[in-house]
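Take a look at the structure below.
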Amino acid sequence: MEASSSGTAELSRSLSRRAPSRATTMMIDRPNEDASAMDSELVPSSLASIAPILRVANEIEKDNPRVAYLCRFHAFEKAHKMDATSSGRGVRQFKTYLLHRLEKEEEETKPQLAKNDPREIQAYYQNFCEKYMKEGVPSRKPEEMARLYQIASVLYDVLKTVVPSPKVDYETRRYAEEVERKRDRYEHYNILPLYAVGTKPAIVELPEVKAAFSAVRNVRNLPRRRVHLPSNAPNEMRKARTKLNDILEWLASEFGFQRGNLANQREHIILLLANADIRKRNNEEYDELKPNTVTELMDKTFKNYCSWCKYLHCKSNLRFPDDCDLQQLQLIYISLYLLIWGEASNVRFMPECICYIFHNMANDVYGILFSNVEAVSGETYETEEVIDEESFLRKVITPIYQVIRKEARRNKGGTASHSQWRNYDDLNEYFWSRKCFKIGWPLDLNADFFLSSDEITPQNERLNQVTYGKSKPKTNFVEVRTFWNLFRDFDRMWIFFVMAFQAMVIVGWNGSGSLGAIFDKDVFKTVLTIFITSAYLTLLQAALDIILNINAWKNFKYSQILRYLLKFGVAAMWAVLLPIAYSKSVQHPTGVVKFFSTWTGDWKDQSFYTYTVSFYVLPNILAALLFLVPPFRRIMECSDMRIIKLIMWWAQPKLYVGRGMHEDMFSLFKYTSFWIMLLISKLAFNYYVEILPLITPTKMIMNLHVGNYQWHEFFPHANNNIGVVIAVWAPIVLVYLMDTQIWYAIFSTLFGGIHGAFSHLGEIRTLGMLRSRFESIPFAFSRTLMPSEHADDYVDQKSITNFSQVWNEFIISMRSEDKISDRDRDLLLVPSSSGDVSVIQWPPFLLASKIPIAVDMAKDFRGKEDAELFRKIKSDSYMYSAVIESYETLKKIVTALLEDDADRRVMKQVFSEVDTSIQNQKFIYEFRMSGLPLLSDKLEKFLYILLSDYEDQGTYKSQLINMFQDVIEVITKDLLVNGHDILEKARVNSPSIKNETKEQRFEKINIHLIRDKCWREKIVRLHLLLSVKESAINVPQNLEARRRITFFANSLFMNMPNAPRIRDMISFSVLTPYYKEDVLYSEEELNKENEDGISILFYLQKIYPDEWTNFLDRVKDPKLPEKDKSEFLREWVSYRGQTLARTVRGMMYYRQALELQCYQEVAGENAKFSVFQAMASNDDNQKAFLERAKAVADLKFTYVVSCQVYGNQKKSGDIHNRSCYTNILQLMLKYPSLRVAYVDEREETADAKSTKVFYSVLLKGGNKFDEEIYRIKLPGPPAEIGEGKPENQNHAIIFTRGEALQTIDMNQDNYFEEAFKLRNVLEEFNKECGGRRKPTILGLREHIFTGSVSSLAWFMSNQERSFVTIGQRILANPLRVRFHYGHPDIFDRIFHITRGGVSKASKVINLSEDIFGGFNSTLRGGYVTHHEYIQVGKGRDVGLNPISIFEAKVANGNGEQTLSRDAYRLGHRFDFYRMLSFYFTTIGFYFSSMLTVLTVYAFLYGRMYMVMSGLEKEIIRLASPNQLAALEQALASQSIFQLGFLMVLPMVMEIGLEEGFRSAIVDFFIMQLQLASVFFTFQLGTKSHYYGRTILHGGSKYRPTGRGFVVFHAKFAENYRLYSRSHFVKGLELLVLLVVYQVYGNSHRSSSLYLYITVSMWFMVGSWLFAPFIFNPSGFEWQKTVDDWTDWKRWLGDRGGIGIPVDKSWESWWNVEQEHLRHTNLRGRIIEIILALRFFIYQYGIVYQLNISHHSKSFLVYGLSWVVLLTLLLALKMVSMGRRRFGTDFQLVFRILKALLFLGFLSIMTVLFVVCELTLTDLSASILAFLPTGWAILLIGQVLRSPIKALGIWDSVKELGRAYEKIMGLVIFAPIAVLSWFPIVSEFQARLLFNQAFSRGLQISMILAGRKDKAASSHK
């Protein structure tokens, strides 16, 4: 090797000898990727520093391959030094690959500029510097210079290894020194190239940026730290100590912040200052910030910190001496906070912890500035402490992070109880008390916060494993899994409902039924007993507060403990005192009343109870008075005065959050009125329909004496038939507790509809409405979407121009998305030549057919006056505009086409005659109206020829001339009365044509005119006006395009803030978290066929046929390369899925809209018609306008995608991961302003030990690859502590910019026209809302774009649509409880980053992380609004299984919310009515869903008790018919609540508002025909199952749904696994209950009410058992049914084992299905066993009904049934054991055993039939009795798994479970198999599932059957 002069040959030779044979290990087969360009991107993490060297090698390879080889050689050498033993992950493979490549290149490459390598590289280096560093520097952009300087630096590093130091010539050294000196100026930047020289981007020339930068660079008089450095300290450290460019560098020198954090926050603060400073300024040049700019930013940044200091009664460390530089010191404090926040990693979720850190560091800053030096003079001071750039991370953040991580490990992957470990909230709330100051500063790592003496780390355990031992106590609150949380959180609501129910029962029981009975003295006194109930419930609440928070008592203050105990003591006192007082007021006490009356002897006082009640309710009266004066209550709660705190101490516990959340008086009035009306309606319905009708039957039941039971009754002498009373009333009570949810649905529908109507929703909902109001749209546009100076009261030309620019960009964007065709585009566009004619040029779709109608009108006109004809034309303003425009445009086109002056004069004379005749009102006399149709026809043909493509120019020209001459002939002979005279007049007036003949006219036509874009546009438009005969009522044809156009037009008339100037608008960022979802589909994925032979491409061609046609038209250009067509095809498909590419494209519309808005404002009157025209222009002014527009757009908008695992995907060998990396890179290159943040995981070696180090990294697109902008080291892995999504958001949020932040999820989209309204929405942050508060979260509506795929997708779309529109509309106003539900919401960024971020991340408890962001915002004084004049697209799941998985996840999340401290605090800190709103719109909805299901259970089990015991029969025998009828009516009242139709009301209202009520009603009936009720009933089961299981046992987890759009057939086994426990088991249980009720109950056989009572229950059973198959594509196709059965049998028979997935083995699935039972607590196990006991009732009841029992009521009958059951189980066990032990080796013995058992069975059955009179009916009934008992045994066995395993009978339990799965599967599968026999069922199902698609003429049946037309997908 030539490189041997550097001493590396020996190294290379030794490595060559060791080279393995697998040379290409690192190079994975990646189509369409240049392998040579990939090695720099495949560098193992431990060798990351060599990646730049390899990039440089790839960069210069074409220029000089030999130097590229030397660079790679240097990289190899460096890699070998870094890891000589190749111990790092992937290092050996990479070095092997690189070595083989070097060996190959050594042979192939030779020096080009010199004879050897040293001279070669020096020559190349000098040439490179000469070419790029000297020449053309002023013209190069900063990013290009950064790349070139990086290359030069790497080249010099390589040069030093190749060329010995003495041999480096002078010229080379000089260049190297210059590069080193200037290198810092040319670093890769994000938005602001602050220190760049040469051609500076327009953004750094903006005056606001200059002023902000100047302020940050003010380091005057700041003292410098001088540290005694060792002699061997690196030069970089020495330079860093002496050179300070700005305030942030000074702070870094004092505290040791990282360089990446420094650069990131420098840009962050400059952009914040610049955006704030420019507001309300004119565009004049200035160089200083406004005095209040920094002050306002400081107030926003430190509002939470100041509040924290005030709360803890400690003095704020924001101190400003009188003689200080105020602005400089303010910026120091702001910069310090942002630097702390930027490096805090997971600690960012703990805002008060950051306050504590800042509090101490601000004190240090003050000390440095005003203590070490007498005055701030800029002098240096000496210190012994050495600060490096990781000092802050190492000393402050890492210790706190380790505490968080240690606690997170205690949750054991989310399976441990919440009470066993401290989450983010617990650790943050430690800083809500003054004991946090015990941590000290610098942090005392021996403080209690950091140490836990009871921790035990087993020996031989690594540090990163789970620690054991007793956990530390929680802080302020303990999350306990129990349903008592619902009562604890919302005790006021439950107390109110119980008291109201008690009062209604008392009034109904004691009075005549009229509510007036309450005024009866005795009745009223009895009603007053509700306060006794209240006292007991209050005591229960106090006890729960103590019991459930017991694990946090060690952290409670004495005052908190005292408060809890006093609360309990006072509650206990009232619970005793009130019953005693009442007992003394009763004349003849009995029962419990008598018991209390004996406590005080004979003393009686009738009024004592009244006085006692008065004192009891006195606090409530005071609270009600304060409720009426919310401002006073708010002041009291927010006050930190000790006297006020003492007064408030009893009312609420002292907490930092949740204070002062009261609304203004008007908001209070609105939501109070809403709830008062609702509660009155509910209670009236409950009283008159449910309670009152049941009073009389209850009295009858209680007075009956039943002595004849049909079973062994344990309590035959129980008073009042209490069991029957409970059975009858239980469903009614449950309905009473649940039906508020339904009343809420009704009232929210009414109020939401009225609110929507007043908001102008749906005023323009059809194209007809659009056309009728289009004339007013430009004015509305100027009024709302243009800055105020443009919003005049009339539509001037400028307004039209501005509107036209945006409208055209909107239409063009829809064409680029293939929503509309070329023809639709032309009909919708406004001409760019707007202003060339005397009338407004409307889009042609408004003027379509106007010219033909006008021509016909003129032809048929029989009047005698021009005025009458023109009056008719003017009566239609669009017709008048079309006529005038057509005439004036025709004049211009004809004049421009004619090249001969004589011809022009002739035409000028013709047009002059027309003008004169119109002016003199003689048009109808001088022109023949009958000639107009022929003229129109000829002109249309002439324009058609003019626009057509041609190959032969001569033929084309001759056709054009002939047609034009025909036009002239029609004008002169058929139209003009005196046509010959006019031509003669033209000839006389023009000497040059006097002697020419007519045939020589009009032969010179400029056929090249059509090439001019502007003229072509005029000609196309005129042709459309003349040729479109039919009305364009169906333009555009695409339904989505229509929806977007009408919504945009409608939104212009809605109430929205006026648009500010772009410079004045609030700056904002968009943040999208991404994990491993699809980015862009590959060609393979497009054409890959599923089991039915359907590819994604074919599927989408059928779903979107019009868009596919539009796409083919767009790419049919023969000049377009095939590679580009392929890329366009991939994009077309990806933009119709839920991909990252679609989301990024949508969000980038924001920037596109901003650039257009900026350009309009910057260019003003000089604006070209479109940005594209300006870009194509060579005008320097236009280019300057565009540059400035882009600069302002950069200033205002940032988009960050947090691709958490991007670094791993880059190095991955998995094809999908690698494809994701490539596609994300392509997105960065396509959108230069897109930024990607990821967590980089590197291996670093220290002390011969490899450790993993984590970084947050920000990237942007470079020349060919990504370019790193910022790198910030993290204290550890950020994502392993909390939930993945919020952790992903949190690590990237530091790279966002601006004052607002929009969180966008991966399944969302955006639209250009909506992006144009964003600055209006952001203005909402400046509007003061209730209580002088400004919004902190702006809620936006969503459009669900996945509704057209299938019926299920349509149902889900409508459900989601109603929630994100009418649902959230009513939540925001009037109820004031909207939180953060979806990801289009826009956050006040400064507010939230100083209060913990936009979401919460604690494991499991914050599973629904987004809503906790809203909870947090509200608790901390935020204000959430909702706005519907702007929309964002959103995708939803389209198949039943993904939908159910999503619903399960949401139900899990709501279960965890029920346990959370946020729900508890909101439930207690809201006033009563707002608390009701909060409950019924969040967790109350899920609890009500569960109550709905429990109502069915309570009813059926109650009826079974009555039937099996014989009580029902006796009541019918003894009661009168009238009493029975009343009982039946009361029972029937609860059944209406099972139907669920009322929950569809919001959907109907919203569709009615936006599409018309006729459409809403039609849609409602279609949904019912498509079995929407089945779907919603099925989802009711999903919600109730997962919500209940979560609260009882936990098990919440994120459930990925896949977000795919191809509808496929799910196998039976897959459906069984997914729905077995949530639906099938419960459905079969209800089925058995209904069967038992029907078989043994005879009470309602003759009554029509029987069916009414049970029909909803049968419907629920059918839905739960068969919905998965009804909504399963091809669910009833015979062949698939057969395949499903085979697959299910195979799955069920598989024995499983370690590592066998659940979809392969029943046993694996069965074990996973019991996971929640293994991790639940003792309480959960006991409850599970108690619930299982219900299944024993069947056997107990049925055995007494058997004929063989001979009507015996002895308990022995039941005992004998157990003997039979156990005998059967024993026999089955013997068979099983025999098969296992003798089945192989002792076949004969096993057969004899089976034969003996069979004979014994036959003998026993014979005896039973003959002797004991057993019947076949008894046999069937026995099966019905024993099956539930066996299931109960199985359930209890699963709960007691450990002891049963110890007994050695677990295998028997497992086999019993398998047997039950077989039985259940068979019962469910049998009807499916039968229906599959009939082909019509499958056809019907297809139409049912895909009716939406059938109505659009799509070939869904082909898609399902897989019979595809190859021609449809031939284009690839």
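Yeah, the Cβs are placed from backbone N, Cα and C, and that goes for glycine too.
Per TrEMBL, domain '1,3-beta-glucan synthase component FKS1-like' is recorded for 328-444.
Residues or ranges marked as region 'Disordered' in TrEMBL: 1-24.
The transmembrane segment annotation in TrEMBL covers 493-511 (among others).
Under the heading transmembrane segment, TrEMBL lists 523-544 (among others).
The transmembrane segment annotation in TrEMBL covers 564-582 (among others).
The transmembrane segment feature in TrEMBL is assigned to 608-629 (among others).
Sequence-distant contacts of the transmembrane segment (668-689) (same chain, at least 6 residues past either end, Cβ-Cβ under 8 Å): 500-501, 504, 507-508, 515, 627, 630, 662, 736, 739-740, 743-744, 747, 751, 1373-1376, 1471, 1473-1474, 1476-1477, 1533. Sequence annotations record features per position, and here TrEMBL assigns transmembrane segment to 668-689 (among others).
Look at TrEMBL and you will find 718-737 (among others) tagged as transmembrane segment. Among residues of the same chain six or more beyond the transmembrane segment (718-737), those with a C-beta under 8 A of the stretch's C-beta atoms are 497, 501, 686, 690-691, 694, 697-698, 701-702, 704, 706, 1491, 1494-1495, 1498-1499, 1501-1503, 1505-1506, 1509, 1511, 1515, 1527, 1530-1531, 1533-1534, 1537.
Here TrEMBL flags 742-762 (among others) as transmembrane segment. Only residues 6 or more beyond the boundaries of the transmembrane segment (742-762), in the same chain, are considered here, and those with a CB under 8 A from a CB of the stretch are 674, 677-678, 681-682, 685, 1050, 1053-1055, 1365-1367, 1369-1370, 1373-1374, 1428, 1480-1481, 1537, 1542-1543, 1545-1546, 1548-1550, 1552-1556.
Positions annotated as transmembrane segment by TrEMBL: 1478-1502 (among others).
The list of residues near the transmembrane segment (1649-1671) in space but at least 6 beyond its ends in sequence, with Cβ under 8 angstroms from a Cβ of it, reads 1351-1352, 1440-1441, 1496, 1499-1500, 1528-1529, 1531-1532, 1535-1536, 1538-1539, 1571, 1573-1575, 1577-1578, 1580-1581, 1610, 1612, 1615, 1618-1619, 1623-1624, 1626-1628, 1630-1631, 1634, 1637, 1868, 1871-1872, 1885, 1888-1889. If you look up TrEMBL, you'll see 1649-1671 (among others) marked as transmembrane segment.
Beyond its flanks by at least six residues, the transmembrane segment (1755-1776) meets 712, 1739-1740, 1743-1744, 1749, 1793-1794, 1797, 1801, 1822, 1825-1826, 1829-1830, 1852, 1855-1856 of its own chain at Cβ-Cβ distances under 8 Å. The transmembrane segment annotation in TrEMBL covers 1755-1776 (among others).
As annotated by TrEMBL, transmembrane segment applies to 1788-1811 (among others).
Under the heading transmembrane segment, TrEMBL lists 1863-1882 (among others). Only residues 6 or more beyond the boundaries of the transmembrane segment (1863-1882), in the same chain, are considered here, and those with a CB under 8 A from a CB of the stretch are 1612, 1616, 1620, 1624-1625, 1628, 1665-1666, 1669, 1674-1678, 1681, 1685, 1688, 1692, 1827.
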How about long-range neighbours of the transmembrane segment (608-629): same chain, 6 or more residues beyond its ends, C-beta under 8 Å?
525, 528, 531, 534-535, 574, 577-578, 581-582, 584-585, 636, 651, 668, 1471-1472
Model confidence over the domain '1,3-beta-glucan synthase component FKS1-like' (328-444), as mean pLDDT, sits at 88
